[in-house]
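Listed in Swiss-Prot:
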BINDING   Asn239, Met268, Tyr297, His333, Ser353, Arg354, Gly355, Asp394, Gly395, Leu396, Arg397, Glu433, Tyr460  substrate binding site
BINDING   His437, His501  Zn(2+) binding site
BINDING   Cys581, Cys584, Cys589  [4Fe-4S] cluster binding site
Amino acid sequence: MSATKLTRREQRAQAQHFIDTLEGTAFPNSKRIYITGSQPDIRIPMREIQLSPTLIGGGKDNPQYEENEAIPVYDTSGPYGDPDVAINVQQGLAKLRQPWIEARADSEELTDRSSAYTKERLADDGLDELRFTGLLTPKRAKAGKCVTQLHYARQGIVTPEMEFIAIRENMGRERIRGDVLRQQHPGVGFGARLPENITPEFVRDEVAAGRAIIPANINHPESEPMIIGRNFLVKVNANIGNSAVTSSIEEEVEKLVWSTRWGADTVMDLSTGRYIHETREWILRNSPVPIGTVPIYQALEKVNGIAEDLTWEAFRDTLLEQAEQGVDYFTIHAGVLLRYVPMTAKRLTGIVSRGGSIMAKWCLSHHQENFLYEHFREICEICAAYDVSLSLGDGLRPGSIQDANDEAQFAELHTLGELTKIAWEYDVQVMIEGPGHVPMQMIRRNMTEELEHCHEAPFYTLGPLTTDIAPGYDHFTSGIGAAMIGWFGCAMLCYVTPKEHLGLPNKEDVKQGLITYKIAAHAADLAKGHPGAQIRDNAMSKARFEFRWEDQFNLALDPFTARAYHDETLPQESGKVAHFCSMCGPKFCSMKISQEVRDYAAAQTIEVGMADMSENFRAKGGEIYLRKEEA
């Protein structure tokens, strides 16, 4: 925690400096590698961690070493993780998917924007200084065409996006040869179907079945394809966004880059302050990961924050605005029905979802059904035209342990299952949002209810938090629940930062939340038995047992913190090769003692073996050569 709090001006200046000096940067002793698919432009980025050799014998003057294999790991940082790529935030990222989109010939450029609000913003000269300069001309599906990955999958088509994902999900484990690294405990998948090798056809089939989604708006060609589904790696989402009282465009772009560096698979822009439209454009043009939003937040801004004044027309205009900017998935609170609102009256904490409370207030003030529910088919038509995935929001999620798994929560969940089937009629991809605050013994029911009533559509949860007593540490309380529900089958975990319930997270909070959730996701992958998930753990354990400190730091999710903690007590360079750490010291290190025991046992075995052979030699008459029948 910083000792001195920066002023708003200093925070913006710091963010601007970050953007101005931004370069592609690799983690310590790592390098960016690319694995090429069936065509030259399918190049999957990964990070490869270089390891030092193991000392296996010899003397001081003639040491003998054994090489250790480099470890490939999944990398969400896009061009920001490649030192050979020139970064220019003003120009945005390269349009990786544009050739694939154009080759399908099922979309066309629009001659004008569909959103009245977008036209207004573009006509306002006063916004020129804030506006991203390299605006794309948006695309839309041609008449009679559908451009969603679900549509292609149902047609039996394997898209370049699907091939990219298959290679990415295998995490380069085919490069690993050592048996020690490849060993893995069998997992317990609770019905998940995890193939030994993920193929493009498997990706296609999972998407076609609705069990996985590929958030990939045709107007976000900068994004690197990824998949969300329980038969794949558990993913992590990071939330960013400005508010009416804090943050700027510069700071949000900085948070985006920072999020992808620390492992965010997707990022949600939850901006509610000024310049939402302009901020989102900067984020999208510079994002290598899918971007999600909650459109009702911006629609509310358009009616001056008065929920009762919301209209379907204002919301529809917002959907078109965001779809044509390139938003990859919308959170839509269409399951908050008028008849469910009274179910929350006896709750300890009522309705805690912002989107849920907005729609509940609208329903009660008009005594009408939720207009998102009433117009859901029109929402699907818009999403199908741009390939925007739907994240069906849990507006009635529990906001406290006491309210977990109640009538309102599950009534809404069942409605989300009905809406899922409607979205699938339009070939729109769907995932389901989940809680919230749930004690450990009640978590699994959330997963089983979702799988049954939402037809195995991917589940995406906020935690859940397993206790309510730890403000300031809710990344821990929720990380516990996240690991559990990820194991049970949840496809994506929405991170929680230390600032949850307390304030808007800053850059360091974003990192803390992401590291916590990457741990939870990885723990779930291990428990499910995702092929290759244990390779990095094995490499770390081997480095730890062999006192390869530099390799331990570099294999860590956060190499910088691992190194800093070690150096607090053993800062000298000699500490990086010492066969002990400061916890036990040189005489009581369990691993050092284990090595000595192993060496001693090996020596004893050799001695006993030689003695046995000597006795055998004498028993056979002491002859150098024996007749065949005596051997």
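The backbone N, Cα and C atoms fix where each Cβ goes, and this holds for glycine too.
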Problem - Sparsest-packed of the listed binding-site residues (Arg397, His437, His501) - C-beta count within 10 angstroms - result: His501
Problem - His501 (Zn(2+) binding site) versus Asn239 (substrate binding site) - Cα distance in angstrom - result: 14
Exercise for the section: May I ask for the distance between Gly355 (substrate binding site) and His501 (Zn(2+) binding site), taken between their Cα atoms and rounded to an integer number of Å? Expected result: 16
Exercise for the section: Let me know the most crowded of the binding-site residues, choosing from Tyr297, Tyr460 and counting other Cβ atoms within 10 Å. Expected result: Tyr460
Problem - From Tyr297, Ser353, Gly395, Arg397, Tyr460, the binding-site residues whose CA lies within 10 Å of that of His437 (Zn(2+) binding site) - result: Arg397
Handout entry: Rounded Cα separation (Å) that holds between His501 (Zn(2+) binding site) and Ser353 (substrate binding site)
Key = 12
Handout entry: Set of same-chain residues at least 6 away whose C-beta sits under 8 angstroms from Ser353 (substrate binding site)
Key = His333, Gly393, Asp394, Gly395, Leu396, Arg397, Gly399
Completion exercise
Counting across all protein chains, other CB atoms within 10 angstroms of the CB of Asn239 (substrate binding site) number 23
Practice task
Select the most exposed residue of Gly355, Gly395, where exposure means the fewest other Cβ atoms within 10 Å, treating these as the binding-site residues.
Solution key: Gly355
